[in-house]
Amino acid sequence: MTKRLFKAVFATAVLGFSAPVAVSAAECIAPANPGGGWDFTCRQIGKIMFDIGAVDQPVQVTNMSGAGGGLAYSHIVNERNDDNDVIIAASSATTTRLAQNAYAGATADQVRFVGAIGADPGVIVVAADSDYHTLGDLVSAIQADPGSVAFAGGSAVGGFDHLKPLMVLQRAGFDDIRSVRYIGVDGGADAITQTVGGFTQAMTGDMSEVVGFLNAGEIRVLAVLTEERVPGFDDIPTAREQGFDVVAVNWRGLYVPRGISDEDFNGWADKLQQVADSDDWAESMAANGLAPFTMVGDQFQSYVDNLVVEINTLSREIGVIQ
Amino acid sequence: MASDRIFGLVSLFVALAYIASATQIQTSFLADPVGPKAFPMLVGAVAALSSLVLILRPDPDPSWPIGRTWVSLLIAVVVLIAYAYSLKPLGFLVPTAIAAGVLSYQLSPQPRAAALTGVGLSVGLFVLFRFALGLSLFAFPKGWF
Amino acid sequence: MDIFANLALGFSVALSPYTLMLAVAGCFLGTIIGALPGLGPSNGVAILIPITFTLGLDATQALVLMTAVYYGAMYGGRISSILLNIPGDEPALMTTLDGYPMAKAGRAGDALVLSGVASFVGALLATIGLMLLAPMLARVAYLFGPAEYFALYLLAFCTLGGMASNNQAKAALASCIGLGIAMIGVDNNSGLPRMTGGHLHLMDGIDFLVAIVGLFAIAEVFFFIESHGKGSSIGVKLEKVRIPWRDIRETTPTMIRASGVGFVAGILPGAGASLGSFLAYMTEKSIAGPKGGFGTGVARGIAAPEAGNNSAAGGALVPMLTLGVPGSGTTAVLLALLMTLNITPGPTLFTDRPEVVWGLIASLLIANVVLLLMNVPMVKIFVRILSVPAWILLPGVTMVSFVGIYSLSGSYFDLLLMIGFGALGYVLRKLDIPTVPVILGILLGGNMENALRRAMVLSDGDATFLFSSPIAIGLWIAAVVGFIAPMFLRSVLTKPQAVTD
């Protein structure tokens, strides 16, 4: 045992990294298992912050999965409310769940939202050989026979991916939400696989999830749910220009504990702004299909406040929550 | 004989309780054809059925531990639970040394060897996890240093 | 041939002294991580990701290090399975069935060498498969819809009856325990929590790692306290370690078949290495028939799951690279790593970034050879673990388990659950109720239910949809045969072997 231990220590010495000794290194909590969007946010932002010198120690990423982010949320609210060395990855999923009261009574005002630096535009996608060529085609098919189209998406029923087509249908004046078929699978890529395989007729998700398949010619993007067309994907029409006024982007950002000082809050906002301005981040956004969407500090906080109200109203309207 | 019957009886009750609580599962407004209740109830039913088989056709009894061994098993469970609760507030080193020491003593009652094992494991594992594998462990309670 | 040109490109990227050193270090760390209960390939890789940043590695170097850790962990998991009956990670679960009895018979060295060779064969064949067929195999994922997945999981559960102990009801009960536990958490189809009792900690369900470490490692400690180490593998007089050529020769067909089964299971997203090793084991067991003596410590019972899980690990890279769909927890982490390095896996990856793909393939081959060379001589060191006195070894295993589980979520709740599983495991094993089906239930139960419910959403409740494709029908037939066959075999077979001990 001791021999192996020695070898292990030796191996690390060979690897040449020094152990992160200082306890003051910032920590980024990804409220999910490694591999998802939040994990990506933490690792990428943490890496860039260190690379550009915004922090002097590598940011330590902790995965704290549970309750779709709820465990990390209550951990921060209850146990680390004044810890100024911790940042937590957040996205539209965080606000959606807060708005739908899915964090067991926790509310959005129990933390401070620092900012978002990039957004993943919502998309509605069909297989390349599908008969549906515009969003209008798809909507009228559903209006004629709701059973003819099944959607696949990466979020659970009632989640953000599910809300996207429902919002579109609602704008088109279609009320019978219950008859719309949706299956929640394990992530966007899985949803595309099901759609290309012909098991579902359409896929709802984020731009980043479909880029590879789009380039390979496996799928057709019917609409992107942004205000303007996304740079680099200029031939994909928005839902809005096809007559369905729906904007749904999955922003990637951070929140911090409520109890930290304004000074610390602004410090994090500033660091995040530095990441947003860096070339590394621009490169990373391009590679991952993210659209620029930078909003930090108090401005972002009020954006989030409005968003929570909006999603809550919407969820009630379409019956996802009572 | 008796062991299997008792276990069968217990698991029958658990299975029935499971089915009962499955009927209480909230169904969403947007329910699917199968719904969230069907599968748990099916599992409960199969479990109840297997329990019945166990009650009706039990295997011979295993040899259960006797008096003093039960006590030491109970002590082990209590030590482990206490260890689980103390890991966060008291840091890694002290609780690990104590828990490992007690377990070691239970396996072989030599106080000195057990104490050495406890301390050795605690320090050795801390080095392994903290420095070789980079887990974020705290050696001592926050605020000691 | 294109492939050789590509491979040459790959090796030119991967074969520098520095990357080779990374591969060796990665294999070593991976083996240790795999062998420690509670730390499996997925959290092992996750833990080490920050190191790639601290070291400032480029994309290929980072991939070499991580795949070396990945494969290393897959190799390492078997060590504690064989020596202590504690699976180091979930794909090594099936290796306990024959590996531990063999170790108790004093043949720990043989078991370790044989499993190392089997791991090598499985991983090598899978890497070759990945190399030759990946773009084509990616299409397989398009053929599997909810109905097909449901039939696949059904197959796994139906064959459980064939593996389990003397009493089939006990195996059924054990899988129900696992399935029942798998239901806990937020229901993906309604978004509402089930069976959580309002407990926030239970919203995401119970992590199978908690169950596996509890049922095996902690329960083992209880057994030791009861028996003071009598009847275990610790302290068993070991034969001299040498290479069991005969076993290796005799199990070669097994390894090749198991690699094939494992590879296919690995390709299917959501099935992963555990299902791969399980199906490989069950296939070999049914080919061998009752005379094969599976569960008593036979060579084929070790070769099959090890070849199966390592080849599934390679197979899981196919959907990860070509579709961006991770087939297992570890590939999900590797996917995250790729994305952090600005590489987006998908259908175009093979053409857009050949240096990454072929560098990865080359590094897989390198890691595999390094692991074989490292593992066979190290068997001598590994078996010495058994001569460590139980009063040091067992507390050590316990503490490692605690830290491993603690690192999952940083909460004491999982630790309490783990202790609970330990107590449950003790009682179950006392009553000769197998614990392997419990783990499989937890691992696959949720997927199975989801597949069924998705299928029913798509067909609007029409059950015939479940038999609507040739693949689904084929799997159903296999499942029914797998369920019924053991019942007939049972009358042939007077007393099947217990699997738990």
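Glycine is treated like the rest: Cβ placed from N, Cα and C.
Just so you know, TrEMBL annotations are computer predictions that nobody has curated.
Annotation comment: TrEMBL describes C:7-33, C:45-71, C:111-134, C:140-162, C:169-186, C:206-225, C:321-344, C:356-374, C:381-406, C:435-452, C:464-489 as transmembrane segment. As annotated by TrEMBL, domain 'DUF112' applies to C:20-440.
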Chain residues in Cβ proximity to the transmembrane segment (C:140-162) (below 8 Å; excluding those fewer than six residues from its ends, i.e. six or more beyond): 168, 171-172, 175, 267-271, 275, 278-279, 282, 285-286, 319, 323, 325, 437, 440-441, 444, 447-448, 450-452, 454-455, 458, 465-469, 471-472, 475-476, 478-480, 482-483, 485-487, 489
Same-chain residues near the transmembrane segment (C:111-134), Cβ under 8 Å, at least 6 residues beyond its ends: 3, 7, 71, 74-75, 78-79, 82-83, 95, 98-99, 102-103, 241, 243-244, 247-248, 251-252, 255-256, 258-260, 262-263, 266, 297, 299, 302-304, 306-315, 317-318, 321-322, 350, 361, 364-365, 368, 371-372, 375-376, 379, 382-383
Beyond the flanks of the transmembrane segment (C:435-452) by at least 6 residues, Cβ under 8 Å: 90, 93-94, 96-97, 146-147, 149-150, 153-154, 156-157, 160, 163-164, 171, 174-183, 185, 188-189, 205-206, 208, 211-212, 215-216, 219, 270, 274-275, 278, 425, 428-429, 466, 499-500
Distant-in-sequence neighbours of the transmembrane segment (C:464-489), which means Cβ under 8 A and at least six residues beyond its ends: 143-145, 147-148, 150-152, 154-155, 158-159, 161-162, 168, 282, 286, 289-290, 452, 455-456, 458
Segment confidence, the domain 'DUF112' (C:20-440), expressed as mean pLDDT: 81
